[in-house]
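J.: Here you go, one structure.
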Amino acid sequence: MSGLEFNFTEADFRTLSRLALEDAGIELNEGKRTLVYSRLAKRLRSLGLRDFSEYCSLIQEHEGAQERRHFVSQLTTNVTKFYRESHHFDHLSAHAIGQIREKTRRGQPVRIWSAACSSGEEPYSIAIELAKHMTPQELSHIKILATDIDNKILASASKGIYPATALANLAPELRQRFFTETDQSGALQVSTEIRQLVTFRHLNLIKTWPVKGPFDAVFCRNVAIYFPDNIQHDLWENFSRVIAKDGFLYIGHSERITGATARRFTSKGATIYQLTDAVGARSNA
Ligand SMILES: C[S@@+](CC[C@H](N)C(=O)[O-])C[C@H]1O[C@@H](n2cnc3c(N)ncnc32)[C@H](O)[C@@H]1O
């Protein structure tokens, strides 16, 4: 690419594509060149680098480890919102809740995982949906794990503070009940009752997971689309090993479960799956 502030060669793009794939599973095809340039140019500017070749060298050196995390963070897409793909939350409170209640009655922990949670709207929506329907005693058994590769977004997610505009698609009674005023003008914070149900942790979906399950439900939405087929297959396979028998997997609107693992899941509606053949998965019962 010529006529730009920083020289960006074909070889630089190939190096950055390889590193994005190795670090995060993110596939950068030719069509992403302009996007990569514009997202990383600000990093070069703030580091005082002359061109992309210097940037490629830096992030491959030991001293560049911190910048390598910024690199991944710049390339991820964090778009999300409260109650995104709302039919998943309808399913959670109309169907999955039966099993969830049964476990809380037996005094067993219920574990739900929001994998690739971005700025927190997804795990908080899960918590709000359950809190709408469950008693404080039942809720005391619920644990929601929320993970993402991007530490910066996790720091903001754990605060649970959002501009009022981010709550536009929430019913007024939910805003009233589950959010509190803050001293930042126009911003609201998720209530303590909801925040204490959610634990945020760093986790890279394409590396070894420091979690074992079993999970009663997993939300892994709008992240697998960035992964190549082989990484997607491994991802579904890994989920089939940590979801409890008859637990649910919710995926993004343009994603589908592929590979040999697909037969273990039974479709329960658009992008909703139940792990009915739990080979390798452990029952929580
Ligand atoms: C588009 S957001 C999806 C947020 C939410 N799940 C939703 O559907 O609204 C994608 C998220 O995936 C995260 N991500 C990308 N690659 C990842 C990886 N290898 N491991 C974990 N999270 C990753 C990004 O940081 C980003 O927050």
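Each residue, glycine too, has its Cβ placed from N, Cα and C.
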J.: Quick one: which of Glu30, Glu122, Glu173 does TrEMBL put in the S-adenosyl-L-methionine site with Asn78, Thr80, Arg84, Asp148, Asn204, Leu205, Arg221, Asn222?
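T.: TrEMBL lists Asn78, Thr80, Arg84, Asp148, Asn204, Leu205, Arg221, Asn222 binding S-adenosyl-L-methionine, and from Glu30, Glu122, Glu173 it also lists Glu122.
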J.: Below 8 Å Cβ to Cβ and six or more residues apart, same chain only. Which residues does that give for Arg84 (S-adenosyl-L-methionine binding site)?
T.: Glu121, Glu122, Ser125, Arg221, Asn222
J.: List the residues of the same chain that sit at least 6 positions away from Asn78 (S-adenosyl-L-methionine binding site) in sequence and have their Cβ under 8 Å from its Cβ, in sequence order, or write 'none'.
T.: Ser118, Ser119, Asp150, Ile153
